[in-house]
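The feature domain 'Amino acid permease/ SLC12A' is assigned by TrEMBL to 2-461. Residues annotated as domain 'SLC12A transporter C-terminal' in TrEMBL: 470-892. If you look up TrEMBL, you'll see 612-632 marked as region 'Disordered'. As annotated by TrEMBL, signal peptide applies to 1-17. Positions annotated as transmembrane segment by TrEMBL: 45-70, 91-112, 118-137, 203-226, 267-289, 323-340, 346-367, 379-397.
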Amino acid sequence: MALFIILLASLVTIVTTISTAAITTNGEVKGGGVYYMISRTLGPEFGGSIGLLFCCANAVAAALYIVGLAETVVDFLRDHNWSVFDETNEVRVIGIATCIILMAIICIGISIESKLQQIMLIPFTLSMICFIAGTFIHTETKEKKGFTGYSAVTFKENLLPSFRDQSFFTIFSIYFPAATGIMAGANISGDLKNPQMAIPRGTLLAIVSATLIYMGTVLVSGSVWVRDADGVTRNWVVDGNILKPNCTGTCQYGLMNDYQVVSEISAWPPMILIGILASTLSSALASLVSAPKIFQAVAADNLFPYITWFKKGYGADNAPRRAYALTFAITVGMILIGKLDLIAPIISNFFLCTYTLVNYACFDASYSNSPGFRPAFRFYSMWLSLLGSVVCIAIMFVMSWPTALATFMAFAAIFVFLKKNKPDVNWGSSTQANHYKSTLAGLQRMDKYDEHVKNYRPQILLMTGEPSARPGLVDFAGSITRGASLLACANVITHAPSHRLSALTQRSDSRAKLWLRERGIKSFAVTISANNLHEATNQLAQSYGIGKLVPNIFFYGFKTNWAKGGAEKLDECCHYVSAIQAAFDHHMSVAVLRNRMEGFDMLDRGNRDAMKRASEQWPRGTPPRGRPSLNPVMHQELFRDRARRAVGQMGKRFSKIYASEKANSMPSFEPPQNKQLSVPDIAINGVHKLSGASGAGLQLPSPFCVRIRKARIDVWWLSDDGGLTLLLAHLLTLEKSYLEDAELRVFTVGSQKNPVMDSDKLDLAALLNKFRINFVDVETVVGIEQKPHAKTLETWETLITPYRAVGHRQKEGEITEHDLTMHKGKTYRHLRCGELLQKYSEDADLIVVTLPVPSKGTPAPLYLSWLEMMSRGLPPTLLVRGNHSSVLTFYS
């Protein structure tokens, strides 16, 4: 059974070594050993978790080896009748003294430690020679203690197991640390000249050599020594049988009772002691070197707070002296336990947990089918690695399930911490490769199925420009998708085709992604170059997305400054309305968000000039005359301070406005028009001008990121658009929305010619119930066909006056008398709709109303005047129009 224990341990270590060889030969291996391999293969969460545990495992392993050495010395001294304290305290004193000496050697230099390792191989070899020679030497003392010489009877008697008070796995847990040295080479990978070749070759050779030595020792011992001896009897083999002493179970001598059997067998017993000292000192040195190296690598990667102090190295070999001190403290603490059998099970689980992840790392990297995983070591199998991982886990729990559970809980706690903390690293791990693989497979599977109304999700393409400049618009759209469906923030820039265009779009995307990630919005970012918004809408509608993951809603901010007039504004109005028409032409739904306060662009609200002045004072890193030149980092810091002061005034204004709002209503910011930005505008308005050296945008305030309690949404369902108006309102009441748990009121319009009956309301309520839309009230409003009030008409006429055609010189987009006559009915209906909204929904927290469809012959300013009159002076208003494809269904 001892041979099976050795073979099982060797199997685990050989499979793990094969996995290690595959990983280490897949690229350059730097310092950090196992931690480096796992973190760069599986990612920082796995690497950081196992890095800390493996550091502790090596520190505890050093204590194990030192305690083993101390116990051997104490036994030797007691055999010669020399002792000072009780046995446990003597082990502690000798152990701590040994640890101090070893740490002193390591601190002198890693080269001294390496040379000492080679020197200690000599006494180890001599001790094995003495052991083999002693099996041929018979003495009376040896025979009384159980020595029989080579005997088939003795071998047969010892062949079958006899665990007595132990079990297979308790014995395995005590033996297994002797096989954990396989990572010694990997742990000092940073000090090896060619780790890709040295680690696999050296480790495999060491395992084979150690396994043969262990098995040889077991076979020889079992052939020459009986299990129990009383110290009196000499002839143990009689008539082909082994004599059983009267002390069986309580005997002092024999294989089962005497820990110094190997010394007793040896031709010169002191040589065994010297060999044990050399072996344990070698193993302890390797562990005391490995633990600080790994901890230094973990600290250098900045995965954990408060430990970066340990990353500092000293001297030419970057010695981690601070980590040496920490390792010394842990090792001494474990030495104070003073019992070898109590320490061994602890580190056995830590090492097995490490081997589990090494094997899994090899499996995962291979299973991901990443072209980047091309190990030079070809003799590996991902399924063998997976089997090794499973076997390691099984052994952990069978050996000691409480210890295994505690190990996994410690690992899980560190893993969850890192997962939540999200370390800012990108190591190209297999986790990323698997994400790509699963995403691609999912998109390919989705493409096989036709779309179904039950699986409809609003996939929004948000025309936001720089997201950091319009946080409210992004927050509102994020409340709809909530990470459960596609949200993409589009930024349109104007730039002539050149070699700089690609760099501009990439920088814009990078800034947007960083800002979205810091704000916690699950959204993609896309930047395109186009001459105007209409052209951008056409480009995005035709090209953005892949498979079924394509936008189905174009989301715009309301163009608040459209009524200022002028030729430039007329062109912008035409492009804006044309963009909405283009979205409908591409069979898209459209949503437009409007708030009652002017200016959704946080940089545009009274601060753009200040920002521009700040940038012009020190343009592109060039200092004013008479001032010393600053390096780029100092320049960025200076600009960031000025930018913060400029934005600070806006923040104070926001706070005052917010405080003055009603308790049941959120302050409202209107999305600006999606105007085209020139390159200088981008330089001034972009988030990178607010980012300083870090590159992170300022997180400006937004009214849509704070939850409103007891909120109310009024839905004006003016026409059947497939149910999108109702669906978006419903989604805004769900968890993670700023209107979570809001009440829903649904309004429809009726005609005075056909009075509304109670049965009609009941029918509408029944319809909503079938759609499983929660609501608190249903109202049918009449009077929409009436003529608007005179004051409303007067306000409307004032709005369109700058765009009225004068004489026969009509510009494209201007409003003629013919246009007014032809669209009179629609105009009256939309103006009257605005009056009804003012009457019934003025105190709502959000209004969701059906968006009018701009027909091809409708002048852009006229269409915008309808939207203006429908939403002016109201709470946040979302105008929505579906593409007449059903998004709600009765059926399950």
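Just so you know, glycine gets a Cβ as well, placed from its N, Cα and C.
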* Would you call the transmembrane segment (267-289) and the transmembrane segment (379-397) in contact, using three or more Cβ pairs under 8 Å, pairs 6 or more apart in sequence? -> no
* Interface-richest range of 45-70, 203-226, 346-367 toward the transmembrane segment (91-112), CB pairs under 8 Å -> 45-70
* Is the transmembrane segment (379-397) packed against any residues at least 6 beyond its ends, judged by a Cβ distance under 8 Å, and which are they? -> 8, 11-12, 15-16, 18-19, 21-22, 169, 172, 349, 352-353, 355-357, 359-360, 362-363, 366-367, 403-405, 407
* **Listed stretch, out of 45-70, 203-226, 323-340, 346-367, that has the most CB pairs under 8 angstroms to the transmembrane segment (118-137)** => 203-226
